[in-house]
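Reviewing the structure listed below.
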Amino acid sequence: MRKIKAVLAGQPNCGKSTIFNLVSGIEQHIANYPGVTVDKKTGFFKFDDYKIEMVDLPGTYSFSSYSLEERVAKEYILNEKPDVIINVVDASNLKRNLYLTFQLLEIGIPVVLVLNMMDVAKRRDINIDSKKISSMLGCPVIEASGAKGLGKEEIMKAITTLYENENSIEEFQINYEELESYISYVENEIKTSTSNLSKRWLAIKALEGDETIIDFLSKEISDIKEILQKQNELFQTTYNKNIITFLATFRYDSAELIQEKTVVHKNPNKKTLTDKADKIILNRFLALPILFAIMFLVYQISIVYGYKLTDYTWPILASFKNFVIDVMPKANFTDVPMITDFTIWMVNSANALLNYIPIFFILFALIAIMEDVGYMPRMAFILDRVFRKFGLHGQSTLPLVLGGAMVGGCAVPGVMATKGIADDRARMATVLTVPYMNCLAKVPFYTLLLGAFFKPDMAIMMFFISTVTVFCALIVAKILTSTILKNRETAPFLMELPPYHLPTFKGVIIRASQRVWVYIKKVVTIVLAVAIVLFAMLQFPGLSDESKIKYDFLAQKALVEFDEKVKNTTYYEYLNDKEKISLALNFYDDYRAAKMVNSSSSVDEKYEKENQTLYKFIRPLSDNDAKKINVALRKLSTDRKNILREMKNEKIENSLLGMMGKSIEPITKYAGFDWKINVAFLSSFAARESAVATLGSLYENNKADNLRAEEAMAQNSGYTPLHATAIIIFMLLTPPCIATMIVVKMQTNSFKWMLFAIFFPVSLGVFIASFVFTVGNIYSWSGLEAMSYFYFTVLAITLILAFYPNKSINWKGGAKNFKN
């Protein structure tokens, strides 16, 4: 079976992804282009005797080198040399889309032109003569509608036909008139190039100042830059024109000529639904309220209702954990096998992340819907003016919202959503500031501290927490873009407002599934590797010999007390040594864990069938001896848990991680942190959800008083509300988890930036928390007073920086708005 390598190219918002999903189906693979963070989507399908590999190039308005996407698309064609290019254009806006088509045709690779959204064009009374377009451009033209599934067979047939007749295709040329002699001169100078791409296209792009092409040619022609500079100066002197401007104008004029000869618009002045909707959605006074309402709806559906879905997925994950526990070696009272401890740790680490998949799926599906509908660019347009003051721009909106601009986001999809930001400086600034948002995993931690120290003021404190992070992120963005990021590449921010479209169910599901799979594959595997390191750091060096003797004594004491209570029962033969007691106790604990996941009678049936005698101890009914054993088992289970908890706490205190917590106490003490808080922060870096569990474990007093975690912390920690405020400020400014940092590495393609995203916020958090705690002690501030001063200081700095000019910005004027 012969193979064809095809690429899909087109401008943003032309429906390229819909065509890609239509033609390639579900057999798709997502990776990154080498060395960059732009998604590379590849689809595979068979047609006739061919196996076709289709690569979806990033959407680009032209084949220049202004943006990362344009460079990636051009470099792929230069290096991979595809057999066929499928150029998708928006049929309802032919003139603008033909600008890219001309550049693709000039490459010299066979091109199939796909007129997508023909249904939209017909609704607007636009008639297109596709045969005449084919004749004028010299390439096959296919009418299609990706949203309605029309054109699939025709596209696949055109690909194979072009491949079979490649040698009979004439090279497309635009007569650039006065520039032709200059093109011919450069073309002659580069004739020695070994590239099999069109020498004319290479000459045109080089004259245009395309850095990618110039660098490509420089490898074989050492003086190419001098040649190009001389020709540019000569053209400028002769015609008083700039070559770049001349080419752009000539292409648009050529596109207009083709449109005039092939397109008939019966009612061009007719107001479209998009025009009518934008009068409301982009209204000066209504735009922001509508945007906030939509974002709140996205937050409500994905985070709130999505989190409720975890009530259904968590039992599945918990059942998997119970299954794993069942097949692992059992504990012999307090002697837990290392392999069992390690396996449960790994399952817990994985489950903590997999539990968020319903949230992510809904989140990514809603993003796909907003992209398809056409609201995403409008959101960026609305907020561009505000964000531009801080070195960000409108496209930073969604990542910040997903990260938790409203409490309860997640930094992982927030950072992942920065892919679409073309401006490298703004993209990097957004990647590095999204982690400042309030992710969902931090909310239980805030709740713990507020419940312990701020019960009367929980509402106002939560308001401060939920809004101050946005101000902090803007301040950091301003600082970064004015200092270490100021020399990063920028791109002109041309904001297109495409017409509104109805999304396709298939397209939304495919894109949401792909993004979730990327999360699972690229994040969870790395997080599990980190979990292994953390497990080792918590286990070693382990308990001292003296401690082992102490805990062995406590275990033996609990077993003796149990034996005294059950030795006169008729079931004593089943409980007369340590191994039998451990078997009964493990059976009891496993049953309770299973009932917490599934309270149906099937659990009882399963355990009764497994061991009828031990089941009597769990559900004794009217059997008095079984009742005595049941009471004794409950007491023994509590004793074992207390002993294991004490062993765990001592292990943590003396572990490598505990030593690290103590080693940084001389620094963190100025913020009011002791080693226990340090350990809680360090151990929770794999997943912030564990911060509450760690603190709860460290501050429990092991008494049978059933104190809730916040009550235990308030009574046993020795902390004041001022301590709590300093801890909250530190948590606000520090990165959420290792998963977020791994995604930062993925998006920046650099360990250096990942480490910066860890150490800069941590240093900033320690400094500010120490400052607030120290000043608060001097002036005897309450926790609420300290938070209020911190909040209004940050707000004032934000307002001052908003009016401070950002001199490092290269492109003026903000978002340029042009509609289809």
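Cβ atoms here come from the backbone N, Cα and C positions, even for glycine.
What TrEMBL says about this protein:
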- Gly10, Gln11, Pro12, Asn13, Cys14, Gly15, Lys16, Ser17: GTP 1 binding site (BINDING)
- Asn21, Ser24, Gly25: Mg(2+) binding site (BINDING)
- Gly35, Val36, Thr37, Val38, Asp39: GTP 2 binding site (BINDING)
- Asp56, Leu57, Pro58, Gly59: GTP 3 binding site (BINDING)
- Asn116, Met117, Met118, Asp119: GTP 4 binding site (BINDING)
- Ser145, Gly146, Ala147: GTP 5 binding site (BINDING)
- 285-307: transmembrane segment (TRANSMEM)
- 356-376: transmembrane segment (TRANSMEM)
- 397-418: transmembrane segment (TRANSMEM)
- 458-480: transmembrane segment (TRANSMEM)
- 516-538: transmembrane segment (TRANSMEM)
- 722-744: transmembrane segment (TRANSMEM)
- 756-780: transmembrane segment (TRANSMEM)
- 786-804: transmembrane segment (TRANSMEM)
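Everything TrEMBL records as a feature, shown here on the structure.
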residue	record	Cβ contacts under 8 Å, 6 or more apart
Gly10	GTP 1 binding site	Lys16, Gly59, Asn87, Val88, Val89, Asn97, Leu100, Asn116
Gln11	GTP 1 binding site	Gly59, Thr60, Tyr61, Val89, Asp90, Arg96, Asn97, Leu100
Leu57	GTP 3 binding site	Val7, Leu8, Ala9, Val72, Ala73, Tyr76, Ile77
Met117	GTP 4 binding site	Cys14, Gly15, Asp90, Ala91, Ser92, Ser145, Gly146, Ala147, His501
Asp119	GTP 4 binding site	Ser145, Ala147, Lys148, Leu150
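Annotation note: Gly25 (Mg(2+) binding site) sits in a coil segment as assigned by DSSP. For Ser145 (GTP 5 binding site), the count of additional Cβ atoms within 10 Å of its Cβ stands at 21 [all protein chains shown].
Classification of Asp119 (GTP 4 binding site) by DSSP places it within a helix. Neighbour counts were taken as the number of other C-beta atoms within 10 angstroms of each residue's C-beta; across the binding-site residues Gly15, Gly25, the minimum falls on Gly25. Closest to Ser17 (GTP 1 binding site) by Cα-Cα distance, out of the binding-site residues Ser24, Gly25, Asp56, Pro58, Met118, is Asp56. Here Asn13 (GTP 1 binding site) is compared against the binding-site residues Asn21, Ser24, Gly25, Pro58, Met118, and the shortest C-alpha distance is to Pro58. For the pair Met118 (GTP 4 binding site) and Pro12 (GTP 1 binding site), the Cα-Cα distance reads 17 Å. The binding-site residues listed here (Asn21, Ser24, Gly25, Asp56, Pro58) include Pro58 as those with a Cα within 10 A of the Cα of Pro12 (GTP 1 binding site). A distance of 13 Å separates the Cα atom of Gly25 (Mg(2+) binding site) from that of Asp56 (GTP 3 binding site).
Annotated pair Asn21 (Mg(2+) binding site) and Asp56 (GTP 3 binding site), C-alpha to C-alpha distance, rounded: 10 Å.
Taking the centroid of the Cβ atoms of Ser145, Gly146, Ala147 as the GTP 5 site, the other same-chain residues with Cβ within 8 Å of it are Gly15, Thr18, Ile19, Leu22, Asn116, Met117, Asp119, Ala144, Lys148, Gly149, Leu150, Gly151, Thr504. Gly146 (GTP 5 binding site) falls within a helix when secondary structure is assigned with DSSP. Rounded to a whole number, the C-alpha distance linking Asp56 (GTP 3 binding site) with Ser24 (Mg(2+) binding site) is 10 angstrom.
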